[in-house]
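Student: Take a look at this one; I'll ask things after.
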Amino acid sequence: MTTSYDPVTVWGVIVLAGALTFAIRGSFVYLFGRIDTVPPRIKSALEYVPAAVFAALVFPALVAPTGDLSLSLGNDRLVAGVLAALAAWYTERVFVTIAVGMGALWVLRFVV
Amino acid sequence: MPTVPSDFLDGVRDAAPLHLGIAPFGLVAGVAAVEQGLSIFHAIGFSSVVFAGASQLAMIELLGADAPLAIVVGTAVVVNLRMLMYSASIAPYFRNFAARTKALSSYLLTDQAYALSIARYGRDGDTDRFAYYFGVAVSLWVVWQFATVAGALLGTGLPPAWGLEFAAPLVFLALLVPALKDRASAASGVTGGVVAVAVVVAGIPFHLDIIVAAVVGVVAGLAVSSFGGDV
(Lines of atoms letter the chains of each structure in order from A and count residues from 1; the text may use other names and numbers.)
(Lines give C-alpha, C1' and ligand atoms only; values in the text may rest on other atoms or scores of the structure.)
Protein backbone atom coordinates (compact mmCIF):
# COMPACT_ATOMS: atom_id res chain seq x y z
CA MET A 1 0.00 0.00 0.00
CA THR A 2 1.53 3.31 -1.03
CA THR A 3 0.11 6.80 -0.89
CA SER A 4 -1.57 8.47 -3.89
CA TYR A 5 -1.03 11.93 -2.45
CA ASP A 6 1.48 14.07 -4.30
CA PRO A 7 4.69 15.15 -2.52
CA VAL A 8 3.59 18.76 -2.04
CA THR A 9 0.37 17.68 -0.28
CA VAL A 10 2.44 15.48 2.05
CA TRP A 11 4.61 18.50 2.88
CA GLY A 12 1.43 20.43 3.68
CA VAL A 13 0.42 17.69 6.14
CA ILE A 14 3.89 17.74 7.72
CA VAL A 15 3.87 21.52 8.22
CA LEU A 16 0.28 21.67 9.51
CA ALA A 17 0.71 18.71 11.89
CA GLY A 18 4.04 20.19 13.02
CA ALA A 19 2.46 23.59 13.74
CA LEU A 20 -0.45 22.06 15.67
CA THR A 21 1.87 19.79 17.65
CA PHE A 22 4.07 22.77 18.49
CA ALA A 23 0.98 24.68 19.67
CA ILE A 24 0.02 21.75 21.95
CA ARG A 25 3.55 21.55 23.38
CA GLY A 26 3.88 25.28 23.87
CA SER A 27 0.34 25.95 25.09
CA PHE A 28 0.79 26.10 28.85
CA VAL A 29 4.47 27.02 28.69
CA TYR A 30 3.33 30.32 27.10
CA LEU A 31 0.05 30.73 28.96
CA PHE A 32 1.55 30.18 32.41
CA GLY A 33 0.78 33.22 34.49
CA ARG A 34 -2.50 33.75 32.65
CA ILE A 35 -3.71 30.18 33.10
CA ASP A 36 -1.88 28.55 36.00
CA THR A 37 -3.70 25.26 36.25
CA VAL A 38 -5.59 22.95 33.97
CA PRO A 39 -9.21 22.52 35.07
CA PRO A 40 -9.33 19.21 37.04
CA ARG A 41 -11.92 17.60 34.72
CA ILE A 42 -9.77 18.26 31.66
CA LYS A 43 -6.66 17.12 33.48
CA SER A 44 -8.14 13.77 34.43
CA ALA A 45 -9.53 13.32 30.91
CA LEU A 46 -6.05 13.94 29.46
CA GLU A 47 -4.62 11.28 31.76
CA TYR A 48 -6.61 8.61 29.92
CA VAL A 49 -5.63 9.75 26.43
CA PRO A 50 -2.37 7.76 26.11
CA ALA A 51 -3.94 4.39 27.01
CA ALA A 52 -6.93 4.90 24.67
CA VAL A 53 -4.84 6.20 21.77
CA PHE A 54 -2.07 3.60 21.98
CA ALA A 55 -4.62 0.76 22.32
CA ALA A 56 -6.49 2.12 19.28
CA LEU A 57 -3.22 2.00 17.32
CA VAL A 58 -2.40 -1.56 18.48
CA PHE A 59 -5.62 -3.62 18.63
CA PRO A 60 -6.79 -3.42 14.97
CA ALA A 61 -3.27 -4.21 13.70
CA LEU A 62 -3.31 -7.44 15.73
CA VAL A 63 -6.88 -8.75 15.58
CA ALA A 64 -7.97 -7.34 12.21
CA PRO A 65 -4.78 -6.90 10.13
CA THR A 66 -6.69 -7.18 6.83
CA GLY A 67 -9.78 -5.28 7.98
CA ASP A 68 -11.69 -8.43 8.96
CA LEU A 69 -11.76 -9.83 12.48
CA SER A 70 -9.33 -12.75 12.77
CA LEU A 71 -9.15 -14.30 16.24
CA SER A 72 -7.39 -17.58 15.44
CA LEU A 73 -3.93 -19.07 15.86
CA GLY A 74 -3.64 -18.81 12.07
CA ASN A 75 -3.34 -15.02 12.48
CA ASP A 76 0.44 -14.74 12.81
CA ARG A 77 0.28 -11.05 13.81
CA LEU A 78 -2.05 -11.79 16.71
CA VAL A 79 0.18 -14.59 18.04
CA ALA A 80 3.34 -12.50 17.60
CA GLY A 81 1.59 -9.50 19.17
CA VAL A 82 0.56 -11.45 22.28
CA LEU A 83 4.15 -12.65 22.76
CA ALA A 84 5.42 -9.09 22.26
CA ALA A 85 2.86 -7.83 24.81
CA LEU A 86 4.27 -10.26 27.36
CA ALA A 87 7.77 -8.99 26.55
CA ALA A 88 6.57 -5.38 26.96
CA TRP A 89 4.93 -6.23 30.27
CA TYR A 90 8.00 -7.89 31.78
CA THR A 91 10.77 -5.70 30.33
CA GLU A 92 9.04 -2.35 29.51
CA ARG A 93 11.62 -1.93 26.75
CA VAL A 94 10.79 -0.84 23.22
CA PHE A 95 13.72 -2.70 21.71
CA VAL A 96 12.88 -6.03 23.39
CA THR A 97 9.22 -5.68 22.42
CA ILE A 98 10.07 -5.12 18.75
CA ALA A 99 12.65 -7.94 18.75
CA VAL A 100 10.27 -10.50 20.30
CA GLY A 101 7.34 -9.47 18.06
CA MET A 102 9.29 -9.46 14.78
CA GLY A 103 11.17 -12.62 15.76
CA ALA A 104 7.91 -14.44 16.49
CA LEU A 105 6.37 -13.22 13.22
CA TRP A 106 9.36 -14.48 11.21
CA VAL A 107 9.39 -17.86 12.98
CA LEU A 108 5.65 -18.27 12.24
CA ARG A 109 6.08 -17.21 8.60
CA PHE A 110 9.34 -18.84 7.59
CA VAL A 111 9.88 -21.75 10.00
CA VAL A 112 6.54 -23.16 11.22
CA MET B 1 26.19 27.07 42.10
CA PRO B 2 26.06 24.23 39.62
CA THR B 3 27.75 24.98 36.33
CA VAL B 4 25.82 24.88 33.09
CA PRO B 5 27.84 22.13 31.39
CA SER B 6 27.52 19.70 34.29
CA ASP B 7 23.72 19.87 34.35
CA PHE B 8 23.66 19.61 30.57
CA LEU B 9 25.88 16.51 30.75
CA ASP B 10 23.71 15.05 33.52
CA GLY B 11 20.77 15.37 31.15
CA VAL B 12 22.59 13.62 28.32
CA ARG B 13 23.72 10.87 30.69
CA ASP B 14 20.25 10.34 32.20
CA ALA B 15 18.77 10.12 28.70
CA ALA B 16 21.28 7.51 27.50
CA PRO B 17 19.15 4.44 28.38
CA LEU B 18 16.23 6.06 26.55
CA HIS B 19 18.33 6.57 23.43
CA LEU B 20 18.39 2.78 23.11
CA GLY B 21 14.60 2.75 23.18
CA ILE B 22 13.95 5.53 20.68
CA ALA B 23 16.61 4.41 18.17
CA PRO B 24 14.61 1.39 16.93
CA PHE B 25 11.43 3.50 17.11
CA GLY B 26 13.04 6.14 14.85
CA LEU B 27 14.28 3.42 12.53
CA VAL B 28 10.70 2.17 12.19
CA ALA B 29 9.48 5.73 11.49
CA GLY B 30 11.98 5.97 8.63
CA VAL B 31 11.25 2.52 7.20
CA ALA B 32 7.47 3.09 7.43
CA ALA B 33 7.67 6.36 5.46
CA VAL B 34 9.42 4.85 2.43
CA GLU B 35 7.27 1.70 2.61
CA GLN B 36 4.15 3.87 2.26
CA GLY B 37 5.56 5.57 -0.82
CA LEU B 38 6.91 8.73 0.81
CA SER B 39 10.39 10.05 0.08
CA ILE B 40 13.34 10.11 2.44
CA PHE B 41 12.89 13.90 2.60
CA HIS B 42 9.35 13.43 3.83
CA ALA B 43 10.68 11.04 6.48
CA ILE B 44 13.20 13.69 7.56
CA GLY B 45 10.44 16.33 7.43
CA PHE B 46 8.17 14.33 9.72
CA SER B 47 10.98 13.70 12.21
CA SER B 48 12.29 17.27 12.26
CA VAL B 49 9.11 19.34 11.85
CA VAL B 50 6.65 17.19 13.82
CA PHE B 51 9.18 15.33 16.02
CA ALA B 52 6.58 13.12 17.73
CA GLY B 53 7.03 9.44 16.89
CA ALA B 54 3.63 7.92 17.58
CA SER B 55 1.82 10.62 15.60
CA GLN B 56 4.35 10.33 12.77
CA LEU B 57 3.71 6.60 12.42
CA ALA B 58 -0.05 7.08 12.61
CA MET B 59 0.04 9.80 9.91
CA ILE B 60 2.34 7.79 7.64
CA GLU B 61 0.00 4.79 7.84
CA LEU B 62 -3.05 6.95 7.11
CA LEU B 63 -1.33 8.64 4.16
CA GLY B 64 -0.44 5.19 2.81
CA ALA B 65 -4.14 4.27 3.03
CA ASP B 66 -5.13 7.55 1.28
CA ALA B 67 -7.23 8.67 4.26
CA PRO B 68 -8.76 12.18 4.01
CA LEU B 69 -6.20 14.83 4.97
CA ALA B 70 -8.38 16.22 7.77
CA ILE B 71 -8.39 12.76 9.37
CA VAL B 72 -4.61 12.46 8.97
CA VAL B 73 -4.00 15.78 10.74
CA GLY B 74 -6.85 15.28 13.24
CA THR B 75 -5.46 11.90 14.26
CA ALA B 76 -2.02 13.44 14.81
CA VAL B 77 -3.57 16.06 17.09
CA VAL B 78 -5.43 13.40 19.10
CA VAL B 79 -2.29 11.25 19.41
CA ASN B 80 -0.29 14.28 20.60
CA LEU B 81 -2.95 15.67 22.94
CA ARG B 82 -1.21 14.03 25.90
CA MET B 83 1.54 16.64 25.54
CA LEU B 84 -0.94 19.29 26.71
CA MET B 85 -0.65 17.55 30.07
CA TYR B 86 3.16 17.73 29.98
CA SER B 87 3.08 21.37 28.90
CA ALA B 88 0.86 22.30 31.85
CA SER B 89 2.90 20.29 34.32
CA ILE B 90 6.32 21.61 33.28
CA ALA B 91 5.23 25.24 32.63
CA PRO B 92 5.98 26.53 36.16
CA TYR B 93 9.60 25.39 35.79
CA PHE B 94 9.98 27.18 32.44
CA ARG B 95 8.36 30.39 33.72
CA ASN B 96 11.56 32.46 33.75
CA PHE B 97 12.88 31.34 30.37
CA ALA B 98 13.17 33.95 27.61
CA ALA B 99 10.50 33.71 24.89
CA ARG B 100 12.89 32.13 22.42
CA THR B 101 14.06 29.57 24.98
CA LYS B 102 10.43 28.73 25.71
CA ALA B 103 9.85 28.13 22.00
CA LEU B 104 12.88 25.84 21.71
CA SER B 105 11.93 23.97 24.89
CA SER B 106 8.36 23.51 23.66
CA TYR B 107 9.50 22.19 20.29
CA LEU B 108 11.70 19.62 22.06
CA LEU B 109 9.01 18.45 24.52
CA THR B 110 8.57 14.65 24.40
CA ASP B 111 7.31 11.95 26.78
CA GLN B 112 10.90 11.12 27.72
CA ALA B 113 12.21 14.70 28.11
CA TYR B 114 9.19 15.54 30.26
CA ALA B 115 9.46 12.48 32.51
CA LEU B 116 13.20 12.84 33.21
CA SER B 117 13.14 16.61 33.75
CA ILE B 118 10.14 16.66 36.07
CA ALA B 119 11.79 13.94 38.17
CA ARG B 120 15.06 15.90 38.34
CA TYR B 121 13.39 19.24 39.19
CA GLY B 122 11.52 17.55 42.01
CA ARG B 123 14.71 16.00 43.35
CA ASP B 124 17.13 18.88 43.00
CA GLY B 125 15.89 22.47 43.25
CA ASP B 126 19.32 23.90 42.32
CA THR B 127 19.36 22.34 38.87
CA ASP B 128 19.99 24.69 35.97
CA ARG B 129 16.61 23.86 34.51
CA PHE B 130 17.27 24.71 30.92
CA ALA B 131 20.72 23.07 30.83
CA TYR B 132 19.40 19.78 32.18
CA TYR B 133 16.29 19.81 30.00
CA PHE B 134 18.31 20.71 26.93
CA GLY B 135 20.77 17.88 27.62
CA VAL B 136 17.96 15.34 27.78
CA ALA B 137 15.84 16.74 24.96
CA VAL B 138 18.47 17.63 22.40
CA SER B 139 20.28 14.30 22.75
CA LEU B 140 16.96 12.50 22.16
CA TRP B 141 16.40 14.76 19.15
CA VAL B 142 19.78 13.91 17.62
CA VAL B 143 19.28 10.15 18.06
CA TRP B 144 15.78 10.44 16.59
CA GLN B 145 16.97 12.25 13.45
CA PHE B 146 19.83 9.81 12.77
CA ALA B 147 17.58 6.80 13.37
CA THR B 148 14.93 8.12 10.96
CA VAL B 149 17.44 8.75 8.19
CA ALA B 150 18.97 5.29 8.73
CA GLY B 151 15.50 3.73 8.58
CA ALA B 152 14.54 5.61 5.42
CA LEU B 153 17.79 4.57 3.69
CA LEU B 154 17.30 0.97 4.81
CA GLY B 155 13.57 0.88 4.03
CA THR B 156 13.77 0.63 0.26
CA GLY B 157 16.03 -2.42 0.42
CA LEU B 158 13.87 -4.58 2.66
CA PRO B 159 11.86 -7.50 1.22
CA PRO B 160 8.07 -7.08 1.77
CA ALA B 161 7.78 -10.69 3.04
CA TRP B 162 9.58 -9.61 6.22
CA GLY B 163 6.46 -7.66 7.16
CA LEU B 164 8.45 -4.80 8.64
CA GLU B 165 5.35 -2.59 8.82
CA PHE B 166 4.41 -4.80 11.79
CA ALA B 167 7.12 -3.04 13.79
CA ALA B 168 4.86 0.04 14.04
CA PRO B 169 2.11 -1.61 16.14
CA LEU B 170 4.87 -3.25 18.20
CA VAL B 171 6.21 0.20 19.07
CA PHE B 172 2.72 1.30 20.10
CA LEU B 173 2.42 -1.87 22.18
CA ALA B 174 5.62 -0.96 24.03
CA LEU B 175 4.09 2.47 24.76
CA LEU B 176 0.66 1.06 25.66
CA VAL B 177 1.72 -1.43 28.34
CA PRO B 178 3.26 1.12 30.77
CA ALA B 179 0.28 3.46 30.15
CA LEU B 180 -2.05 0.86 31.72
CA LYS B 181 -0.95 1.82 35.22
CA ASP B 182 -4.28 1.64 37.07
CA ARG B 183 -7.83 0.35 36.70
CA ALA B 184 -9.18 3.50 35.03
CA SER B 185 -6.32 3.62 32.50
CA ALA B 186 -6.81 -0.08 31.78
CA ALA B 187 -10.53 0.57 31.18
CA SER B 188 -9.63 3.43 28.87
CA GLY B 189 -7.14 1.25 26.96
CA VAL B 190 -9.35 -1.82 26.60
CA THR B 191 -12.34 0.30 25.56
CA GLY B 192 -10.28 2.34 23.10
CA GLY B 193 -8.80 -0.82 21.58
CA VAL B 194 -12.13 -2.63 21.25
CA VAL B 195 -13.87 0.44 19.79
CA ALA B 196 -11.04 0.89 17.26
CA VAL B 197 -11.41 -2.74 16.16
CA ALA B 198 -15.21 -2.34 15.91
CA VAL B 199 -14.82 0.79 13.75
CA VAL B 200 -12.31 -0.95 11.46
CA VAL B 201 -14.27 -4.22 11.16
CA ALA B 202 -17.58 -2.40 10.59
CA GLY B 203 -15.92 -0.71 7.62
CA ILE B 204 -16.78 2.80 8.81
CA PRO B 205 -15.19 5.07 6.21
CA PHE B 206 -12.54 7.81 6.55
CA HIS B 207 -10.27 5.97 9.02
CA LEU B 208 -12.00 7.53 12.00
CA ASP B 209 -10.99 4.64 14.27
CA ILE B 210 -8.34 6.40 16.36
CA ILE B 211 -10.31 9.61 16.91
CA VAL B 212 -13.52 7.76 17.86
CA ALA B 213 -11.65 5.23 20.01
CA ALA B 214 -9.80 8.00 21.89
CA VAL B 215 -13.03 9.81 22.77
CA VAL B 216 -14.89 6.66 23.89
CA GLY B 217 -11.80 5.33 25.71
CA VAL B 218 -11.32 8.56 27.69
CA VAL B 219 -15.02 8.57 28.65
CA ALA B 220 -14.63 4.97 29.88
CA GLY B 221 -11.54 5.94 31.91
CA LEU B 222 -13.39 8.88 33.49
CA ALA B 223 -16.41 6.69 34.26
CA VAL B 224 -14.29 4.07 36.02
CA SER B 225 -12.35 6.69 38.00
CA SER B 226 -15.59 8.42 39.11
CA PHE B 227 -17.55 5.30 39.98
CA GLY B 228 -14.87 2.70 40.51
CA GLY B 229 -13.66 4.27 43.74
CA ASP B 230 -9.93 3.69 43.13
CA VAL B 231 -8.93 7.34 42.88
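Glycine is no exception: its Cβ is also placed from the backbone N, Cα and C atoms.
The model shown is predicted, which means the values in this text are computed figures rather than measured ones.
In case it helps, TrEMBL gives these features for our protein:
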TRANSMEM  B:15-34  transmembrane segment
TRANSMEM  B:41-63  transmembrane segment
TRANSMEM  B:69-94  transmembrane segment
TRANSMEM  B:130-154  transmembrane segment
TRANSMEM  B:160-177  transmembrane segment
TRANSMEM  B:184-204  transmembrane segment
TRANSMEM  B:210-229  transmembrane segment
Student: Look at every Cβ pair spanning the transmembrane segment (B:15-34) and the transmembrane segment (B:184-204), keep those 6 or more apart in sequence, and say whether at least 3 of them are under 8 Å.
Tutor: no
Student: Under 8 Å between C-beta atoms and at least six residues away from its ends: which parts of the chain pack against the transmembrane segment (B:130-154)?
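Tutor: Result: 4-5, 7-16, 18-19, 22-34, 40, 43-44, 46-48, 51, 53, 97, 101, 104-105, 108-110, 112-113, 116-117, 120.
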Student: Can you tell me which parts of the same chain pack against the transmembrane segment (B:41-63), counting only residues 6+ beyond its ends and a CB-CB cutoff under 8 A?
Tutor: 22, 25-26, 28-30, 32-34, 71-73, 75-76, 79-80, 83, 107-108, 110, 141, 144-145, 148-149, 151-152, 168, 171-172, 175, 207, 210
Student: What else in the chain is close to the transmembrane segment (B:160-177), if you only count residues 6 or more beyond its ends and a Cβ gap under 8 Å?
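Tutor: For the transmembrane segment (B:160-177), the sequence-distant neighbours (Cβ-Cβ under 8 Å, at least 6 residues beyond its ends) are 21, 24-25, 28, 31-32, 35, 53-54, 57, 61, 111, 189.
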